[in-house]
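Novice: Look at TrEMBL and you will find 544-611 tagged as domain 'BTB'. Annotation comment: TrEMBL describes 201-236, 243-285, 327-369, 368-410 as repeat 'ARM'.
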Amino acid sequence: MENPKRQRTTRLAARNLKRKLSPNTDVAPIVTQFIDVDDEHLDLVVAIRRHVEVLYSCFSDPDFDREAVNEAAADIADLAKIDENVEIIVENGAIPALVKYLECPWPLEVGGDVPNSCDHKLERDCAIALGLIAAIQPGYQQLIVDAGAIVPTVKLLKRRVICGGPGGCMFVNAAIRRAADIITNIAHDNPRIKTNIRVEGGIPPLVELLNFPDVKVQRAAAGALRTISFRNDENKTQIVELNALPTLVLMLQSKDSSVHGEAIGAIGNLVHSSPDIKKEVIRAGALQPVISLLSSTCLETQREAALLIGQFAAPDSDCKVHIAQRGAITPLIKMLESSDEQVVEMSAFALGRLAQDAHNQAGIAHRGGIISLLNLLDVKTGSVQHNAAFALYGLADNEENVADFVKAGGIQKLQDDNFSVQPTRDCVVRTLKRLQNKIHGPVLNQLLYLMRTAEKTIQIRIALALAHLCDPKDGKLIFIDNNGVEFLLELLYFSSIKQQRYSSSALYELAKKATSFAPEDSAPSSPTQQVFLGEEFVNNPTLSDVTFLIGGKQFYAHKICLVASSDIFRAMFDGLYKERNAQNVEIPNIRWEVFELMMRFIYSGRINITKHLAKDLLVAADQYLLQGLKRQCEYTISQEICLDNIPEMYELADTFNATALRRACTLFVLEHFTKLSSQLWFAKFVKQIIPEIRSYITDILTRPVEASPPTVV
């Protein structure tokens, strides 16, 4: 399956991106017109205008107030922390002024009582403001770049000074860190800006900063590399060529979750869709630290670690077993229970990849992975469902896992079909086929042993599963010899509607499978009979030796044909009954058209039975023991079975001992159980027909059947 989409997330870039830049926005430094606004808003606009004017004063007034510039930059940075203020800041032309101060406009050696650290503080505050502005929307990213921010930002990344004065190191480190944040936020989801950063030389200082003494700077540099490497192969290549991987791998071992979180995110983006870089990452020793991060307290780190494990375990990889040996399976299974859906999705993805190895398949099942993955099939999110289904497909490839699937109720869960997308349904179908192909030999023996010895719940689940998965030739062994049918019938009699539906579905599948080689619902052939006089003799006085009277009308018949067709007619004309020597025999309680059709069948062995005469003809066929005609009537009537008439149809079959019709009714009930279950009369009706279900299933399973052809998945 394809790799899941990797997301680049950072603290700043996760801000609200809903605002759009006004098409009429002017980048000029001063706003000259105002729309009607409330007093609070107007005060804010005036304050921002004043701060921007102060920033610009440095470039036009030789007597500018340096402290006022510092305060203006700090105030704008504070205001930018509130998303609602950013648009006003941008509209009042702050971006160009802030960009200018990324590169100090005066010498670092200053006189008077203004310490060096103030300069770094000014740069820091401008960088903070620009980073926050860039995080709001893509349009602001471009405004910052168009104002020329990349070059001074890269220079700021290279800033290395000997700290002087109180707080000097703190401010210079903060300025460098905030410069890295600018890179992160202007490059977010912007391929062109990512490329510009590389062209302007931004990658080497970021890689160098991974070894900076300040941990916060390390983290910011890793975050920036994480962003600019996302879906940019040229940037990835340069980062790797600059030997960033060993340091990033070391950062994975940091106790600081923010550090190892950015490091694993950067490694993940480097590895994504880059098989060669993935191999280099593994050679750099990333495997064990990444596995350890599966147990991180940071959910985002867990997600990234699971995704990396899945990528390390790609189909062409030979390290699947090594990953399991190093302890990845247990935390991945634990992560399936996470409250974070993305963590769940990525852990299922990783387990799906690991489950392509036979030993891992057994290990995942042994640690309870099957149950956890089956539970994920109830999650409504399509990607979570699909990753879980794919992992289960891999686990189903191992014969050792079949019993675990069945005992966990996995067959019923897979058959519930509560899936969001068609690829997941297709995957589940293939999983069931895999399991079906393994129900023989030792696997079948294991299930039969459990069906005899396990607790009742397990016994029932096994019976339900085998009804769907077993070979027809094993039906008698499973359901008669090992009492499987009784578990299904017990479920049908005592359980909830949901369990009854499982039972009815299993019984229907069992019946359908057992009769697939000799279907009972096909139209019966003409009966074997010694004498057929032919249709031309129907009601023909020629050679007639008996006349029937039906409602006062005469029907000419021939005893030789009648005696050969039915024991009733044989007893009537060869026995001691009065009709033996009678020339005229009155037939009561039958309509002319029904009697005529019955005679036509006796004379020719074939008739066209219309549905409006089928029931009366069935009664006549039962009365005169014409089994061939009776079967044809049952077939015709069974075609009319529907949800509305099933009780009447079953009663008709029961009254006239119409076995085929009764079994057609039984099969219909099992097939349409869900729809029928909403009827008030149905619960009582089901209990009434359970003996017939038992008789039917027993009968068809004790007939010899052919082996089903093997299925290849």
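The backbone N, Cα and C atoms fix where each Cβ goes, and this holds for glycine too.
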Novice: What residues elsewhere in the chain lie close to the repeat 'ARM' (201-236), defined as a C-beta under 8 angstroms and at least 6 residues from its ends?
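Specialist: Sequence-remote neighbours of the repeat 'ARM' (201-236) are 6, 8, 10-11, 13, 150, 153-154, 157-158, 173-174, 176-178, 180-181, 183-184, 187-188, 191, 194-195, 242-244, 247-248, 251, 254, 256, 258-259, 262-263, 265-266, 268-270, 272-274, 277.
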Novice: With DSSP as the reference, give the number of residues of the repeat 'ARM' (243-285) in helix, strand and coil.
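Specialist: DSSP composition of the repeat 'ARM' (243-285): 31 helix, 0 strand, 12 coil.
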Novice: Restricting to the repeat 'ARM' (368-410), report the mean pLDDT as a whole number.
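Specialist: Mean pLDDT for the repeat 'ARM' (368-410): 97.
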Novice: For the repeat 'ARM' (368-410), DSSP counts of helix, strand and coil?
Specialist: 32 helix, 0 strand, 11 coil
